[in-house]
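Structure, as structure tokens:
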Amino acid sequence: MHKRTHTGGKPYMCSHCDRRFVQTANLKTHERTHTGEKPYKCSHCDKRFVQRANLKTHERTHTGEKPYKCSHCDKRYRSSEHLKTHERTHTGEKPFTCDLCGKSFTQSTNHKLHMHIHTGEKPYTCDLCGKSFIIKRSLKEHMNIHSGEKPYTCDQCGKGFVRSSDLKIHLTLHTKKKRLYSCSLCGKSFPLLKSLKTHQKRHTAKKAYMCFECEKTFFTDEHLKMHQRTHTGEKPYMCSHCDKRFSSSSNLKKHERTHTGEKPYTCDQCGKSYTESSSLQRHKKSSTARNHNMCTRKKSPKLSR
């Protein structure tokens with residue numbers, strides 16, 4: 001058996017796919033990914049696992065045991081894999097390298113996610129609206145839009161949110177000195193630097209996604225999908241308060257405010273609030289114009305008779 005590690009011989013083949021293995025034990029473990037069998041059950045809770053090693057690591061979440069200690073600092077971990085990942089923060093080692101662009105990563109999971117950027121693959125798809133995602137967590141958060149669940153709650157005002165990113169944006173409203181990132185090309189401001197960067201791409205990026213029905217072009221495939229619903233009539237987003245349906249989650253959000261009375265867009269000059277950002281922008285422009293006219297009237301010299 002040991003010699004096979006040198007010769008590369010893998011005599012045990014999976015009956016479900018073409019993968020081959022050196023040992024029967026490895027084959028059995030692999031086949032559970034097809035059958036869904038999880039023979040190892042936690043004695044503290046109902047969780048089950050494919051491998052005994054994974055069960056042991058999990059049980060430490062109940063016992064609090066962390067046998068793996070970092071040789072560079074005092075941090076301890078439940079598994080040797082978590083320790084290895086942590087130690088790379090000290091050594092700077094990035095063993096997982098992209099063959100296409102040369103970018104390196106400390107974790108294999110981050111490397112796999114990065115590869116989707118090159119392939120365009122989005123393996124996690126919503127069964128309700130067809131939207132696809134690179135990571136499973138994004139799909140889970142997206143499903144909250146359909147279910148109406150808001151698991152992310154602000155500890156300052158109790159407001160709930162569908163996505164953790166929405167909560168982060170909301171929290172900036174509570175900070176006394178709200179930092180805004182402004183676009184140098186159009187002047188639009190954003191509470192997050194990430195939002196500004198996404199916005200700026202619209203000034204420079206090409207509209208590579210075209211609708212075959214009307215030839216309209218879009219920056220992203222998601223915006224194209226949303227637009228195509230105007231042709232198909234599909235409305236996958238339903239209001240949790242009434243039976244109204246919408247083609248996009250943003251339109252659903254706007255509509256739901258008619259039920260909740262929520263007005264998240266507030267003028268920092270007079271305190272007036274609005275349900276939509278466009279209404280706030282119109283208000284600001286009209287206020288600026290009024291103030292400008294008042295100043296002009298005050299400064300205008302009286303005409304001599």
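Cβ coordinates are placed from backbone N, Cα and C, and glycine is handled just like the others.
Please treat TrEMBL annotations as automatic predictions, because they have not gone through curation.
Per TrEMBL, domain 'C2H2-type' is recorded for 12-39 (among others). Taken as a whole, the domain 'C2H2-type' (12-39) shows an average pLDDT of 88 in this prediction.
In the domain 'C2H2-type' (40-67), the DSSP tally of helix, strand and coil residues is 12 helix, 4 strand, 12 coil. According to TrEMBL, the domain 'C2H2-type' annotation covers 40-67 (among others).
Per TrEMBL, the feature domain 'C2H2-type' maps to 68-95 (among others).
Per TrEMBL, domain 'C2H2-type' is recorded for 96-123 (among others).
Residues 113, 116, 160-164, 222, 225, 234, 236-238, 240, 249, 252 of the same chain lie 6 or more positions beyond the ends of the domain 'C2H2-type' (124-151) yet place their CB under 8 Å from a CB of it. Per TrEMBL, domain 'C2H2-type' is recorded for 124-151 (among others).
Residues annotated as domain 'C2H2-type' in TrEMBL: 152-179 (among others).
According to TrEMBL, the feature domain 'C2H2-type' maps to 181-208 (among others).
Away from its own ends, the domain 'C2H2-type' (209-236) comes close to residues 128-131, 146, 201-202, 245-248 of its chain (Cβ-Cβ under 8 Å, at least six residues beyond either end). TrEMBL lists 209-236 (among others) with the feature domain 'C2H2-type'.
Look at TrEMBL and you will find 237-264 (among others) tagged as domain 'C2H2-type'. Remark: secondary structure over the domain 'C2H2-type' (237-264) totals 12 helix, 4 strand, 12 coil, with classes taken from DSSP.
Per TrEMBL, domain 'C2H2-type' is recorded for 265-292 (among others).
Taken from TrEMBL, the feature region 'Disordered' covers 278-305.
Sequence annotations record features per position, and here TrEMBL assigns compositional bias 'Basic residues' to 295-305.
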Key: DSSP-assigned states of the domain 'C2H2-type' (152-179) in counts, ordered helix, strand, coil   = 8 helix, 4 strand, 16 coil
